[in-house]
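Let me give you the structure first, and then I'll get to my questions.
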Amino acid sequence: MTTKRIAVTPGEPAGIGPDLVVQLAQQAWPAELVVCADPELLASRAKRLGLHVTFRPYLPDQAPRPQEAGTLTIAPFKLVTNTVCGQLDEQNSAYVVETLRYAGEKNMSGEFDAVVTGPVHKGIINQAGISFSGHTEFFAHQANCPDVVMMLATQGLQVALVTTHIPLAYVAKAITRQRLHHIIKILHADLISKFAITSPKIYVCGLNPHAGEDGHLGREEIDVIIPALNELRAEFQMNIVGPLPADTLFQPKYLQDADVVLAMYHDQGLPVLKSQGFGKSVNITLGLPYIRTSVDHGTALDLAGTGKADIGSFVCALNKAIELSSKN
């Protein structure tokens, strides 16, 4: 099997991202991990944590080779100003965004096989005057993808979302037949092309309690969700089950048969997933022309430089990126 080349962006330099990357370097990996970062930042963080890491330059003209324990392959970027653990500095926001831009470009060109992203701080990037609503939106805009899908995965459960980071008061209006068509088509296509699932089984949550109770607890199921699902079944022969009440759907008898659960909004699906696999789940962006996975946590500024950050989610994100890239 050909060795894959995975881009890794540590994210916010004052957060735990650099800590996690130098901790991950303590073990061997079956892919080449190209870390897009300032090597001085990583060296400083490794020293602070008492870890030994040897840096080697990224050589794009050479064939990728598995990452040896104790090493990191570096695509170098320079911080604008020195970073203090736990202290945000807007001067370094452009650095963070530039690492993402590079990783996205090289994935689109085929130089990299996937990208794994560490946590960023949206607030400090916007404070620097750079419009930034998140990794997902950044990569989607860069790749000219009008629609992408956020899916989180842990052992035995994958949950995709129809709506993501919007206020709960706006969710019902955001769920339209057109949006459901776009989301489910992307979900179905990527489960086939990236996950190698021949006929994906998609289980869909209702929006309202009891999936609307025949319209007595809301009409979104009757007016929007059921018609959209029926159209997709009829036109594309998709294997879709639902809409089912969310409190019913998240039971073993349904989950054991589902390749993915489609939740209508963020806090409908993700609490169940994080309860089942907190610290061991991974965020996957579907609909991009390449594989992108991410940790499921934030920058944890208070833990930066302490050695107390849990690498579990980053390990899962890397393993998932390697697994998916090996199928493509």
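Note: Cβ is positioned from N, Cα and C throughout, glycine not excepted.
Checked Swiss-Prot, it gives:
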{"type": "BINDING", "residues": "HIS135, THR136, LYS274, ASN283, ARG292", "note": "substrate binding site"}
{"type": "BINDING", "residues": "HIS165, HIS210, HIS266", "note": "divalent metal cation binding site"}
In Å, rounded, how far does the Cα of HIS135 (substrate binding site) sit from the Cα of HIS165 (divalent metal cation binding site)?
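HIS165 (divalent metal cation binding site) has its Cα 12 Å from the Cα of HIS135 (substrate binding site).
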Can you figure out which of THR136, LYS274, ASN283, ARG292 (the binding-site residues) comes closest in space to HIS165 (divalent metal cation binding site), comparing Cα atoms?
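Out of the listed candidates, the nearest Cα belongs to THR136.
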In the structure shown, with every protein chain counted, which of the binding-site residues HIS135, LYS274, ARG292 has the densest set of Cβ atoms within 10 angstroms of its Cβ?
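Its Cβ has the most other Cβ atoms within 10 Å: ARG292.
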Ten-angstrom check, please: count other Cβ atoms within 10 Å of the Cβ of THR136 (substrate binding site), all chains counted.
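THR136 (substrate binding site): 22 neighbouring Cβ atoms within 10 Å.
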Around the Cβ of HIS266 (divalent metal cation binding site), how many other Cβ atoms lie within 10 Å? Please give the count over every shown protein chain.
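If we count other Cβ atoms within 10 Å of HIS266 (divalent metal cation binding site), we arrive at 17.
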When neighbour density is defined as the number of other C-beta atoms within 10 angstroms of a residue's C-beta, which of the binding-site residues HIS165, HIS210 has the lowest density?
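Each of the binding-site residues HIS165, HIS210 was scored; lowest Cβ tally within 10 Å is HIS165.
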